[in-house]
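Summarising the annotation, TrEMBL assigns 5-phospho-alpha-D-ribose 1-diphosphate binding site to K26, 72-73, 99-100, K103, 125-133. Look at TrEMBL and you will find F34, F35, T129, R157 tagged as orotate binding site. As annotated by TrEMBL, domain 'Phosphoribosyltransferase' applies to 51-168.
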Amino acid sequence: MKNTQDEFAQFLIDSQVIEFGEFKLKSSRISPYFFNFGKLSSASLLNKTAHFYARFIMENNLSPDIIFGPAYKGIPLGVATALALQRDFDYEVKYSFNRKEMKSYGDGGLLVGEKLSNASVMIVDDVITSGMTIDDTIEIIRSQGGQPLAYLVALDRQEHALDTEKSALQAAMERLGLTIFSITTIQHVIRCLQQNGQEQEKIDAIQIYLNKYGATC
């Protein structure tokens, strides 16, 4: 029986959320694979993904008051994860997300959903590459009086940040004093590809990339 990490890695492959080819990342690196969150545009795939996030939160005994989804990709994920926690695990939680631009009319402000003041906030996002997005999100939450509980992403690419040989995840954890989790890692994706067979070309391309950009710690 597969564990959660392998099960989720296989789901990402089967649903083609992980694409293989040649992709330019935000870090300007050229990657042989890409985590395409846009593929989660169907209700069934988003529901399944949110269940994995909710399951991870419950299995790790995390107890957030609020699920926060950073704009834009994190917004549907945050709402869906809050729904999955209540639906699948009977855990009641609020949700919140930020706007990219401050709104000066109507309800106004930077946030939509529950106010963050004095709340334990669990952030959910798609992937960590360079870790740059995390800093902005944590700054928003702390500026609104929230207390970041942890940051949860689907996939740790396990590559080093731009200015260190440490992984982007590890570097961000040390920089922000924050626990960052990933449901699965690129090594689990590689293992699933190996078990699937006839995927050696993809595996080789990822290994070459990791030899160049992979984190050493």
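Including glycine, each Cβ sits where the backbone N, Cα and C put it.
Everything TrEMBL records as a feature, shown here on the structure.
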residue : record                                              : DSSP class
K26     : 5-phospho-alpha-D-ribose 1-diphosphate binding site : coil
F34     : orotate binding site                                : strand
K73     : 5-phospho-alpha-D-ribose 1-diphosphate binding site : coil
K100    : 5-phospho-alpha-D-ribose 1-diphosphate binding site : strand
D125    : 5-phospho-alpha-D-ribose 1-diphosphate binding site : strand
T133    : 5-phospho-alpha-D-ribose 1-diphosphate binding site : helix
R157    : orotate binding site                                : coil
When you measure from the Cβ of F35 (orotate binding site), how many other Cβ atoms are you left with inside 10 Å?
23
Roughly how many Å separate the Cα of D125 (5-phospho-alpha-D-ribose 1-diphosphate binding site) from that of F34 (orotate binding site), to the nearest whole number?
15
Binding-site residues (K26, K73, K100), the one with most neighbouring Cβ atoms at 10 Å:
K73
Position of peak Cβ density within 10 Å, selected from the binding-site residues F34, D125, V127, T133, R157:
R157
Taking only the binding-site residues K26, K100, V127, T133, which one has a CA atom nearest to the CA atom of R157 (orotate binding site)?
V127
Need one number: mean pLDDT over the domain 'Phosphoribosyltransferase' (51-168).
88
Could you round the CA separation between K73 (5-phospho-alpha-D-ribose 1-diphosphate binding site) and F35 (orotate binding site) to a whole angstrom and send it over?
12
In angstrom units, rounded to an integer, how far apart are the Cα atoms of F35 (orotate binding site) and V127 (5-phospho-alpha-D-ribose 1-diphosphate binding site)?
7
Kindly report the helix/strand/coil residue split of the domain 'Phosphoribosyltransferase' (51-168) according to DSSP, in that order.
38 helix, 41 strand, 39 coil
